[in-house]
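Shown next, in structure tokens, is the structure this report addresses.
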Amino acid sequence: MKLRFAPSPTGLIHVGNARQAIANALYARRHGGTFQLRIDDTDRERSRDEYVDALHTDLAWLGITWDETFRQSDRLDRYAAAIETLKASGRLYPCFESEQELASKREARIRMRKPPIYDRAMLRMTAEQRAQAEANGKVPYWRFRLSDQDRGVDDMVMGRSQVKLQSISDPVLVRADGTVLYTLASVVDDMETGVTHVLRGEDHLTNTGVQIDIAEALGGKVGQFAFAHLPLLLDEAGGKLSKRFDGLSIRALRQDGIDPVAIVSYLARLGSADDPAPLSFDDLAASYDVRRVSRSAARFDMRQLLALNRRVMHQMPFGAIRDRLPEGATEAFWMAVRGNVDMVSELRHWWDVVGGVIVPPVQDDEGAYLLQALALLPPEPWDAQTWKDWTTAVRDATGRSGKSVFHPLRVALTGEEEGPEMRDLLPLMGHDRVAERLRIAAR
């Protein structure tokens, strides 16, 4: 068994691309198969090496590893051989229409209430007419002549469907500049590298019928590939996700402090009957079943991802977060703040609270109380019992009770109305910092 993820390096991958990569990698891991990373860089104008590098970085950060990888730009000779095979069999034919001419034809067919598909006019050109067109400086592009039959697709998600090739335009496989399009390159790669299962987006379902037709024209067997087409992933507003919407790129989520475990766990089960839970890649793979994915479009909900990320953070051991903590942060710090951190990006704030510089709000009506508390502040060393001992002494001396004892002290020392347990924060702050903040807040 072999599966592949074949992104084009024309932008940063977003959660929609990542969902497909995760599905392929999990399915391969679940069934002991091979996972191939294929870079679809045949679009020479839009493909960028920087996006290839970003792709590798993002997938590695998500914990997705691949068994083999290559660029389609390194296999142009194989596509050229396939082109010659299709030309020799008469399935690939030259076309000379301009974009304007094609647009006029489409408009005319629409006016006649006919499907706006290609009319195959170039199939009726004689050899002399073709030679004359080339002599006049026209350079052909090349279309694949689809067969006149339906192509059945047994899909693990969508079920059985029929692609009516008669209602589809013969696809362009080679541009006038000689560039090979993905439609052909993908088929050649799948056949020659032994891909057995194709998991991709629902928007490729019609294209699957076309590619089956191309594969058979190149000598492929009927039923050579198993297919699973995942429903489209929509944004929160119900629109289609775009590579150019950077807010949901994997890079942006990483920079925002979302943990990769949360992203993979969320996307792996999005659109299925399984509730997302923070699981390792191996645990997700052990139970992964693409047949549990609903046929309906799934909506990416940032609130659900943040809720899952919160669970991940609250359970994370020190060893797993150590490298992402602010410099100098200890295990005691992490254990103190872990329950109040939803994203890695929030750690800097709490590190400043316990060991940096903050400006606590002045509490004019609590000044006298804070100075009384300062006078009762015990000497170090401090431990988890110090907060209780100190506030008990303050309560007894002032006659206060409940929130009126604790709240002014928390605000003075952290600048926050709520947060981690003060019994855990106090020893991390130290006597001098606590005393200074009490004086500032009492002004």
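Including glycine, each Cβ sits where the backbone N, Cα and C put it.
The model shown is predicted, which means the values in this text are computed figures rather than measured ones.
Sequence annotations record features per position, and here Swiss-Prot assigns motif ''HIGH' region' to 7-17 based on sequence analysis. A Cβ distance under 8 Å defines the sequence-distant neighbours of the motif ''HIGH' region' (7-17), meaning residues of its chain 6+ beyond its ends; these are 39-41, 43, 46-49, 51-52, 54-55, 58-59, 182, 201, 232-233, 241-246, 248-253, 263, 267, 300.
In this model, the motif ''KMSKS' region' (240-244) carries an average pLDDT of 61. Summarising the annotation, Swiss-Prot assigns motif ''KMSKS' region' to 240-244 and lists sequence analysis as the type of evidence.
According to Swiss-Prot, the ATP binding site annotation covers Lys243, on the basis of sequence analysis.
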Inset, instruction - Count the residues of the motif ''HIGH' region' (7-17) that DSSP assigns to helix (H, G, I), to strand (E, B) and to coil, and report the three numbers in that order. - result: 3 helix, 1 strand, 7 coil
